[in-house]
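Here is the structure we will look at.
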Amino acid sequence: MDIIFYKYQGTGNDFIMIDNRQKLFPKNNANVIENLCDRRFGIGADGLILLENDEMSGYRMVYFNSDGKEGSMCGNGGRCFVAFADFLQIIQGKTSFDAADGLHEATINNGIVSLKMQNVNEIKVKPNAIFMDTGSPHHVQIVENLEALDVFKEGAKLRYGLYGEKGSNINFVSPRVDGSYDVRTYERGVEDETLSCGTGVTAVALAMHHLGKSKGNQVQIHTKGGDLKVEFDEKDGIYTDIFLIGSAKQVFKGEIEC
Ligand SMILES: N[C@@H](CCC[C@H](N)C(=O)O)C(=O)O
């Protein structure tokens, strides 16, 4: 049996995207997913996303990291999911869909997706870092020479050393003089640096605001794969109306022999 797949990227975070409304994809087989995500023996991607029907919300995003295991929320994947739904013409400019962390609203306009993230009620300030859950767990640490940092080595050390078996995604951030930030992320489940991480970028924006380093209600972030904007409201340390905004593109289409 052949299954049609599409490849999407959101600021360089890349995903195999499959319309699984007919439930034909073998999603319980982690080896299949891991092999499809392999960059030498498969299609190659940071993750695999299924678009499925959902009784309550209409559509559901089922997200797997490249290790083949179902992940928590993926912000860039969510933006690509909306672009895919737009391509399939099953949404008209705006939508809401279910994901691992609950319901998300989103709009798409000229390839730019604005994705509403879950509220963030708890931010833990540690001696050298901040930790929060933006749908996925994120450690945010300010560093001086971000460009020269060995993100793979330092990220893996913190991901396993500080956060135990379950782990966390690890973000390193450096401010620019114009008030924007450069971010590099070690992703749990990919177990490597990716070019961008949407829930990570969201965590960085909120962390910079929480620490008083960023004053306004929007933060510009530069990742290796492109730029993202995060907008939010904040009252008494609770962050609501959080939007992750940036481009999401279809890269190619193919067939998988299953
Ligand atoms: N690339 C994602 C992050 C996905 C979550 C993560 N890898 C995990 O399961 O911990 C994003 O754009 O948010």
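First residue shown is number 1, and so on along the chain.
Cβ coordinates come from backbone N, Cα and C, glycine included.
Just so you know, TrEMBL annotations are computer predictions that nobody has curated.
According to TrEMBL, ASN13, ASN65, GLY75, ASN76, GLU187, ARG188, GLY198, THR199 bind substrate; the candidate from ASN29, ASN169, ASN171 that the record adds to this site is ASN169. Between the C-alpha atoms of CYS74 (active site, proton donor) and CYS197 (active site, proton acceptor), the distance comes to 8 Å. When the binding-site residues ASN13, ASN169 are compared by the number of other CB atoms within 10 angstroms of each CB, ASN169 has the fewest. In the three-state DSSP reading, ASN169 (substrate binding site) counts as strand.
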